[in-house]
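J.: Below are the structure tokens for one structure; questions will follow.
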Amino acid sequence: MGGGRNYPDPPSGSENDPTLNFTSSASNLPDGAGKGCYIAPNLPYGIGLDSKQVLTCDAGWYCPYLNQSDAKTLPVYCPPSAGCQIYRLQSLPCSAQGKYEPILCKPGYYCPDFKTILECPKGFYCPSGTVTPHPCTWFASCPAGSYSQTIYGFFIFMGVFDVLIAVLIIVFKYRQGHLGRFSVKSEDGGGFFATLFKGPSHALEQAARRAKEGALTEGTMGRKSIVEMHPEDVANQGMKTLVNAFKESFRNRELRMNFRFESLALQLKTGKTILQGVTGEIRSKRMTAIIGPSGAGKTTFMNVLMGKVSRTGGELFINGEKTEMHLYRKIIGYVPQEDIMINDLTVRENVLHSARVRLPRHWTSSQINNHVENVLKALNLSHVANSCIGDENTRGISGGQRKRVNIAMELAAAPLAIFLDEPTSGLDSTSSLDVANILHSVASLGLTIVAVIHQPRIEIFRKFDDVLMIAPGGRVAYLGPTSLAKQYFEILGFEFEPMANASDTLMDILAGKGVNRLFTLTPDQLVEIWEDRHSRDIYNEPPAFFNQPEEDDYLQNEDDEIIIPQPIPNSRPASVIKVEQWLGNMNEQEPDSPAYPRRELTTSSPPRDDPIPPVTSFDDDVPIPMDRGLSRGRLSLSRSANAFMVADEITPIHSRHVSEANTSGAHTLAASGGNLHLSERNVGQTTPHLQNRSFSATTPTLPRSGVPTTLPRSVRSRKSFHGHGRRTPSVVSQDERRLEQDFHLVVPDVVKERGASFIKQVFYCHQRSLIQQSRQVGGLTLEIFVAMFAGLLMGVSVIGKVKELMNGIYWGIYVLMSPAPLDLLALYGLLIGIAVALAGAPAGVKVFGEEKPVFWREAASGHNRLAYFLGKTIATVYRLVLTSLHFTGLYMLLAKPVLDPYTQYTLVLFQFWGVYGISCIVSVIVRRENASLLAVVISLFAAIFCGYGPSLVQAKKSGYLFLFEMSFNKWAAEASYAASIAVYKERLDIDLMASIWGYTLTQLPLDIFMCLAIGIVMRVVGFVLMISLNRDKQR
């Protein structure tokens, strides 16, 4: 290589060739020294290596012809031949170019002194210039003559681990297949490994028990909803136990949650009004439906009521006290429209996590598990408790079951109120009815149920006790019993076809598409009618609250009827509006109550050729426009009508004037020409004073609307009605007052003790994430394969190319013989960073990016957000350990780096740690479909900022060194460089080599720590962004 041992003839004329000025001055070399160079062996072309003319070579160098007693054998540098120069320009060493030129100890050998060169022994490796052999590490192959160690330990461990995991999965799947619909989590907990190592008999017993449960709930005759069961059956399904559990969670108090809101409003910053003037009350143990056209503000109202959106006006009262909803969010459940849950978990696992995190912290695991089982039974989910939720790619439970799981997750937290956003959307009619039945059962526990619904079937609509109808513009058109809604709008003149769904007709009315043959009423006018009824003094009196009427509460007289005007073209106005008494047997039903006087309202009208009088009035103060001709029509209330009505409550808006004269035998308000007259025939008893009656579903005449009509009112004042006005102590029962007092005394402490401790929440989230990863075998396998492939590429790229990863400037007097620098160590710092970025970034964004809706929902329910974040983050560490193992195993087997393998693995692990940190930040900022690409790009930038190109020296001169300092790969590359170059310090000027890149070789611990710290800082930033962005969804 570059010349042989035979001395060639010197070039002709070399003595006088000025270009061959290799000789030193006579004073530089001893007499006779400098000869022996192969280019001209007999001429003194050699250059002395040491100005002190020391007759010796350093260890690691081989000088076979050196005679320390003969100055003529002084080690010299000889001019290289053309072949040697080419080698050195390619960063390869060449053999000595003269007899007395020192020889670098060859790779695979070591030179303890300048006279000795020995083969590297077995179990050691010797790079070039080795003085003392380097011992091989554990699980490494180092045969005799090795210049590097082949580390197979990581690869073997990786293979054994993979085989073990594969066997466990195969056995697990095998047992699943033999048990039919066997779950991935046993009923008694333990998850993957518990299921795997339980005996077959135990698994078969569980399968048989689940089959038996399924038979109870799914038969050939169809499923029975819980509300259709006998009470004993309900108890068997857990409903009675739930009542006791709820009491225990509230310190054995029977608490209720009633909401009253006044003039709720929401106006956007743009000035657009979304919600305005919403006033009413929502009571416990009742289901309240919110309906309205699309865009009317249904969901907005519920979000404002729950405090998810800050209102711009109005007040909220809970059990009579002015307060804010967010103070009670731990005892309030919210079921979103989408079925937000972790699809990789089973039904039980989703519900159990919600219960563990949100139930009182003093509950034991046994209590929580029993409570969850009762919730599953109550919601008819026991037979699918161990089935995965599934998604569009993985078969799971049905849509109706998913919706019930959605409700079960909130019910498991033992709330006092549950709000639901379109719980029946996307379900078939049967599943929707099942959900409605379940909600009805839940309300019977004492909970307050509020749901936004969209065009429900009539059976579902009737399940709701009350309905809030929101017209476009976010204003209330009706809030009252569902059973009275139809009658309310019929009396306003709207027609309901007998075979039509009443809820559909109500929606048409709100949208301005209702059929009204009496009057032209727009949605705005409907709102005005309803709001005007609240503005009258007479309605300041508290209304009454009624249960659904019993059979004897309905109309007893088949002839009872209301006769209201209806328009007929070219007809003269009606002359009589006759209102007959509806409850003919009222005295028999309520013997202690006074008889109700019969009233008759009449109108007199001028001849047909006279113009229709512009107004009618019930008194001289309130004119009521009549803009149409009226003729006689009638609306009969059958015995089966769901309404509670009495005749004395068919009053005009200012019937307080009538009540003031109710002692007279007849009272008539009359005006000339076609005005409306009210006559009252008293049958010997006085009319009950209107101030002692409650107005639960009355709508007064509104002058602006042009509707001279009034509405029926309820029969019996059993409880206070929730829909309108303010309640006074006269209508609030002692039980209600006691419950409200208990609420405000007990609930503050109840809220404080709700929720598991911080440490437990971290553990639960960590455990749940591990279960998720065990179900995502395909994704984990792909990530590991990508890491292995990246390590394989790194190893293959250097096989057979060079024996050593570094050549460069020799230290001391040997610098003249140095080849051109070859620094693969710095390059590998860049390439490893790129490989890790490509392997880790796409998987890293899935940790939080695919669960943002889950995080928002759990944060809104009171889940500790930091506990959620830490639990997920800690659970990913195992994934990083496994992925880094596979990358390092193949990389070290093929590339044969010279640094300690454990240091190499640690650095790769922290590089994956940093990439996952970048992915965490990206995943919480951008949409899921864009996160993977952006995370890869940013991670590649972090990999490039490692100091290889541009170098740290260039970055410092240009003023952007801080970007490199922020990159975890800069610190990892520097640590790798410092740990690798140490084995070459016997022949290379490592400080000079490191200065080319700007690396510091004396801070390896700091480099490793900075890799860890930057990953932590990235996660802190990610967490801050997670809780700062989309705050409205976390409320």
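Backbone N, Cα and C define each Cβ position, glycine as well.
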J.: Quick one: sort out which of 432-454, 777-799 is the transmembrane segment according to TrEMBL.
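T.: Here TrEMBL associates transmembrane segment with the stretch 777-799.
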J.: Give residue numbers and ranges for long-range contacts of the transmembrane segment (151-172): same chain, 6 or more residues beyond its ends, CB-CB under 8 A.
T.: 137-141, 192, 195-196, 777, 784, 882, 885-886, 888-890, 892-893, 896, 901, 905
J.: Quick one: do the transmembrane segment (933-953) and the transmembrane segment (825-845) have at least 3 Cβ pairs under 8 Å, skipping pairs fewer than 6 apart in sequence?
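T.: Stretch pair touches.
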J.: Across the whole of the domain 'ABC transporter' (259-497), what does the mean pLDDT come to? Round it, please.
T.: 90
J.: What residues elsewhere in the chain lie close to the transmembrane segment (905-926), defined as a C-beta under 8 angstroms and at least 6 residues from its ends?
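T.: Beyond its ends, the transmembrane segment (905-926) has Cβ neighbours at 154, 832-833, 836-837, 839-841, 843-849, 852, 873, 876, 880-881, 883-885, 887-888, 891, 934-935, 938-939, 942, 968-969, 972, 975-976, 1008, 1011-1012, 1014-1019, 1021-1022, 1025-1026, 1029.
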